[in-house]
Amino acid sequence: MEEPTRLVVEATINNMDGQQNEEERDPESNSLHQPLLKRNRTLSSSPFALVGAKVSHIESLDYEINENDLFKHDWRRRSRVQVLQYVFLKWTLAFLVGLLTGVTATLINLAIENIAGYKLRAVVNYIEDRRYLVGFAYFAGANFVLTLIAALLCVCFAPTAAGPGIPEIKAYLNGVDTPNMYGATTLFVKIIGSIAAVSASLDLGKEGPLVHIGACFASLLGQGGPDNYRLKWRWLRYFNNDRDRRDLITCGSSSGVCAAFRSPVGGVLFALEEVATWWRSALLWRTFFSTAVVVVILRAFIEYCKSGNCGLFGRGGLIMFDVSGVSVSYHAVDIIPVVVIGIIGGLLGSLYNHVLHKVLRLYNLINEKGKLHKVLLALSVSLFTSICMYGLPFLAKCKPCDSSLPGSCPGTGGTGNFKQFNCPDGYYNDLATLLLTTNDDAVRNIFSINTPGEFQVTSLIIYFILYCILGLITFGIAVPSGLFLPIILMGSAYGRLLAIAMGSYTKIDPGLYAVLGAASLMAGSMRMTVSLCVIFLELTNNLLLLPITMLVLLIAKSVGDCFNLSIYEIILELKGLPFLDANPEPWMRNITAGELADVKPPVVTLCGVEKVGRIVEVLKNTTYNGFPVVDEGVVPPVGLPVGATELHGLVLRTHLLLVLKKKWFLNERRRTEEWEVREKFTWIDLAERGGKIEDVLVTKDEMEMYVDLHPLTNTTPYTVVESLSVAKAMVLFRQVGLRHMLIVPKYQAAGVSPVVGILTRQDLRAHNILSVFPHLAKSKSGKKGN
């Protein structure tokens, strides 16, 4: 995970809302208990977050349908052919997302298996010739060069490609715009960097980066390509909005998980459970279709490679642990070790999250010193990893080969079990079997069935401790990295250790213990249950494992939740991304939306026909992205013919900037006709985002002219009454995917404004509210509950 070069850009923050912030904190005195960014102290402060290597200004996405006059006109005149075009293109893009993700995943696996395989084969040959120093120099040198490539690509070209990318995808699908996360450069660096980093024997996986790669493909397809070379195909105009782009990125993330584990249903459920905030049945079908395409591509690739056309890529490259032919039997007494595995997984997972939090805080202090320090940190971790992986197998005792074990013993130097390392003929080194191999082969080795005595206790303890240390220090360096595989390897090691400790008390195979240990540690750290259960079910291909896997996952997650957040939520918190949780805090029921509006600056409203000078003044002096449009003296259609104040709707900042850029001004204060609006604007124009008021030039004469805002105003914004509790407001805001929520008064009367205030994402964040209402945290109902 890439960290910023500066913690706070004070000059930028001071320009926002005209408010003065606290003095910039000295990075050297930064406590490891503090977040990476300073917390917002008022409800009106501007949000900043760490994206890549920069402190970026964060805005929300417009997932809400903007029902203005132009949208309604387009909707009315849209023909049946155009509707079919839109539906057809949705499914076509879903197919292309699955196709590109599947092909890219196969190429990544092919490259990793061959680069890492040939490297390890050469190292084993040097060891067999007793040329230990040459073997170490080759192993460490190759890893050093590969890590250098991955780090330089991330640091110099695409800082947002570092890390897994899953927390940023979660934030995006929650409604947070994460800049530069889905560009073509990020995609290229993610692919090449993942190949180099995983091939360098670093303790990280390609599963997390594959999720980000799938999301990048989806985003680029939806917008017609990179920003500078976008296709102007008229069919793509349907996807020029945040709402449809969100659905595509959801398909991409599920395709990435499917490509990593060959688990189509698990990929869909991962998107539903872990990353997506918005979900509906139509989206379920399209994500399932995308993952089905990925599985077909992977299956075709595996069948092709079985004939030996893919170099060293044989069984390796795609994690698969098929126990469909193994008879799995367990009794009531086996529930005890299963419960123990779940409890240990929850405890270790929460401890892992806690320590990793501290490590990321420490890495922030190193990385902020500059690009050179980021590269040196990555290279230092690579050198330490090479020393441990090459040197520790010398501590293990040689074991005689068991003729009953499957496979040749010792191995011939390729991938697989039973590495001879420095042992005599007829013996093998079990620790070298686990360490000097590709990550996916290591998973298959430790998951192997009917091998109760294959690994020694001391070797498993060394392996577990080493991967705990490497997993903590590797995640956070400036390379693409995933958490799935390190956690699987750690969990499988303690699962086998527990199987040895249980001895004759249970009949469950040690390989199945390893599977349950991996599942429990993933649930304890990532807090996934349903999707993880299906992923492991599709990996093992054995329905008999379902009951005990479900039990382990439920226990591990419940235990982990008692101590801290999931690892991805911790990263979101560290980066300062304004992610809205699914469940509001209990004390949020004790405060109303009207009370939040009272502590904010007064709402800025515009008239339906507004003066240009007033619009320019509002845009220059505020950073708000939405403004209520209020008309006074309106005669209601029913009731007494007296003037009333009407809340016409909400107009967005981008639409006001568009009006100023196109100089759509009137010489007199009047309402425009429908044809006048369509002559100047299309609904496609309103979907464009970006622009600054400083880039717009308005003359002094134009300042005295008028703009009719009625055609551009969203006439159906979501409104809540001021007496609504913040808890209900937060649930509504998150479930509907809002950017602005208007608060209307409880009592209507003459002279009362029809709008009390506006709630945004930052206003509903718990720490923001508590900074203004600290007594809520001290109240009895403010205590954390279930």
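Cβ from N, Cα, C; glycine included.
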Where TrEMBL places transmembrane segment among the ranges 88-112, 188-212: 88-112
Contact set, same chain, for the transmembrane segment (335-355): CB under 8 Å, 6 or more residues outside the stretch: 468, 471-472, 487, 490-491, 494-495, 498, 502, 505-506, 508, 513, 516-517, 519-526, 548, 551-560, 562-567, 570
Candidate ranges 133-161, 283-302, 460-490 - greatest C-beta contact count to the transmembrane segment (375-396) (under 8 angstroms): 133-161
DSSP helix/strand/coil residue counts for the domain 'CBS' (713-779): 25 helix, 12 strand, 30 coil
Range from 88-112, 283-302, 460-490 with the greatest count of C-beta pairs under 8 A to the transmembrane segment (133-161): 460-490
